[in-house]
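As recorded in TrEMBL:
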- 139-321: domain 'FAD-binding PCMH-type' (DOMAIN)
- 171-177, 240-246, 253-256, 305-311: FAD binding site (BINDING)
- R356: site 'Important for enzyme activity' (SITE)
- R451: substrate binding site (BINDING)
- Y513: active site, proton donor/acceptor (ACT_SITE)
Amino acid sequence: MSKNFDTNIAKTLDQTTIRNVESVVPKKRQELLKWYGWGYEDSKFHIDDYSLFFSGSRYPIGNDVELPNFRDWMGQKFELSVLEKPKLPTTFPEPILNETFYNTIKDMKMDYSVDGEDRFIRCHGQTLHDIYNIRANKFKRIPDLILWPKCHDDVVKIVKLADENNVMLIPFGGGTSVSGSITCPQDEERSIVVIDTSQMNRLLWLDKENLVACFESGIIGQDLERTLKDEGLTMGHEPDSIEFSTLGGWIATRASGMKKNVYGNIEDIVIRVKMVTCKGVLERNISAPRVSCGPDFNQLILGSEGTLGIVTEVIVKVRPLPAVKKYGSLVFPNFEMGVSCLREIAKRRCQPASIRLMDNEQFHFGQSLKADNGLFSKFIDSLKMFLLSKVKGYDLMKISVATLLFEGDKEEVEKQEKLIYEIADRYSGLKAGETNGQKGYVLTYVIAYIRDLGLNHGIISESFETSVPWDKCLSLCINVKACIESECKKRGIIYYLVCYRVTQTYDAGACVYFYFGFRWDSDCSDPVGQYEEIENKARDEILASGGSISHHHGIGKIRAKWYKQSVSPIGVNLYKSAKLELDPKNIFGLNNLLTEEDQINFETLNSKL
């Protein structure tokens, strides 16, 4: 890098913005977050004497306001049973420590822990399989050592030391993975070290003239946005997990955010990534907005899921905070009309920051989460339903609802609203107000908590996503739901739920989320295994119906069987070649992306070296 280049960069940087960021999540994660499920410990659905509440004050739905409609809905759908609440284990597997590595770490004065509880809560992500097993304390293999590096140079030292001593490394950010990508390999015999990046959360520099910023990879989404907001800026990347997931995790999984229509997906936002590998630091040497210099190594890092190295620093685009943020909602006579409307909006390229369409089943589920606010509120809701069914002639058991989020200047938002509501009118879409739109986005953050409530009452549930071309969107939704219903009937499952929603729209297609849950019988010895069998059938149907294996959750371990089908055998070999070049000893041995059959035989390779 030339001296002139350094000088020019220095002129644009606002040195006053360089700062440490106090993370909302402490180093001892269990002091704030659940060890046995999703989110904050003080935020949860719970049932007391047949009354259902959501505790805590972090969400509008909270403060222990009674939710009788949700209680009744769950009772009708699943006939709830009550199971024993999970208890944190008091004993943990003994750590397997590589003495040379461990002693060197201590000499380096690196922050570390061999405490059983610290290791236990970092042995998994947030898949149903993980959460069920951790509640039952079924993990045979957990990390042996936790390290908290404070900067890029710390990571360089750790990776070099691990490579020299054949120690396995697992990068750990927010722990929100739903693909099994950070779950400890249960047959790993080497010492397993988790690199917790939570202390690498600084804003390293901010360039307001070019609207770019450099963050360390461990910063949590809500901390990143709060830091930029103080400067009147935003990155605009808001995945459903933004409260807990990290910038590095978004890179590793090729994440998508709910406002990608304005700000782009993570691959559109990232300019430059620094990743520490066993062969050195992989990084493009220029931060220009676009370059043509061979294959883009950023794309190799994006979606690598912790198998090639550890992301330490990221340069991203930022934008001024929008002057206006406004919600909206639409009601359609059915899901098909809603999909057609979203397709037309995408064709016209006038999507708001976010537009999401839920099917009838999910609409009624969302309605059940309304608090009981007295007789007047019930009267208003009844009046609205009367107008829809009697005046407009909509069948309440078929209607579909879209939630909207507009961001931008006042004139831009008004113009966009006008155009979108005009398009919706052609597809019999009725404006349903800002309040319903806002409540729809609140549901986005609390829906993950419902799985924990279900597990406490004998219900297995999970979500999974895909992307699909527009002409196959509706048929894919119908086919996958029919497939799941058929599989439930084959297994004698009586109480179950299948619903879906379109969450992202593109020129050529859309992202579709499915939600599936069922009540397991007391004589079922492996409810998670039963769930996974059904979901696997659903994923086969997704691919047969023209969908992708994943839109933004990644492959991990639970979708590895479809990776070759998705990228071709040559694509698998290309990934394996990158793995062999960057990590020839398999230090980053998470075993993601590849099936057991396709895994590289590192023992054989290393014996030949």
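Counting starts with 1 at the first residue shown.
Heads up, the Cβ atoms here are built off N, Cα and C, so glycines get one too.
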Binding-site residues compared (P171, G175) - highest count of Cβ atoms within 10 Å: P171
Other CB atoms within 10 A, centred on Y513 (active site, proton donor/acceptor): 20
Neighbour-count leader, CB within 10 A, binding-site residues: A255, V311: V311
Proximal residue to A255 (FAD binding site) among recorded positions R356, R451, Y513 (C-alpha distance): Y513
Residue pair S245 (FAD binding site), R356 (site 'Important for enzyme activity') - Cα distance, angstrom, rounded: 22
Closest of R356, R451, Y513 to T307 (FAD binding site), Cα positions, recorded positions only: Y513
Recorded positions compared (R356, R451) - highest count of Cβ atoms within 10 Å: R356
Spatial neighbours, same chain, of S241 (FAD binding site) - Cβ under 8 Å, 6+ residues apart: G174, T176, G221, A448
S245 (FAD binding site): tally of other CB atoms within 10 A of its CB: 23
Cβ neighbour count (within 10 Å, all chains shown) around T307 (FAD binding site): 23
R356 (site 'Important for enzyme activity') and P171 (FAD binding site), Cα-Cα, nearest whole angstrom: 32
Overall pLDDT for the domain 'FAD-binding PCMH-type' (139-321), taken as the rounded mean: 96
Residue from R356, R451, Y513 whose C-alpha is spatially nearest that of G175 (FAD binding site), among the recorded positions: R451
Residue among recorded positions V311, R451, Y513 with Cα closest to the Cα of R356 (site 'Important for enzyme activity'): Y513
Pairwise CA distance, V311 (FAD binding site) versus Y513 (active site, proton donor/acceptor), rounded so that it is a whole Å: 28
